[in-house]
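Enquirer: OK, TrEMBL features for this one:
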- 1-22: region 'Disordered' (REGION)
- 23-82: domain 'Nas2 N-terminal' (DOMAIN)
Amino acid sequence: MSDEEARQSGGSSQAGAVTVSDVQELMRRKEEIEAQIKANYDVLESQKGIGMNEPLVDCEGYPRSDVDLYQVRTARHNIICWSAVVLT
């Protein structure tokens, strides 16, 4: 990286150095996020096997009474948010 590129990126040419502890910390964080995602999928499975795409209303358009809608929507939201963190 040239000095000009380093100034434009806001760091020095040494700023890109990654240590083993940095990688270990990132791996630990990734495992935590994956555990959160799995826990939320488990919540969905515990609600009569509802996944990410099953409807939360019955055939007449009323909210389903056989599942905890708040818990399902919260789990879906958390999965989406945590998945976005993993992908970025």
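For all residues, glycine too, the Cβ spot is worked out from N, Cα and C.
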Enquirer: For the domain 'Nas2 N-terminal' (23-82), provide the mean pLDDT of the predicted model.
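Expert: Value for the domain 'Nas2 N-terminal' (23-82), mean pLDDT as a whole number: 95.
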Enquirer: Just give the helix, strand and coil counts over the domain 'Nas2 N-terminal' (23-82), going by DSSP.
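Expert: For that range the per-state counts are 38 helix, 2 strand, 20 coil.
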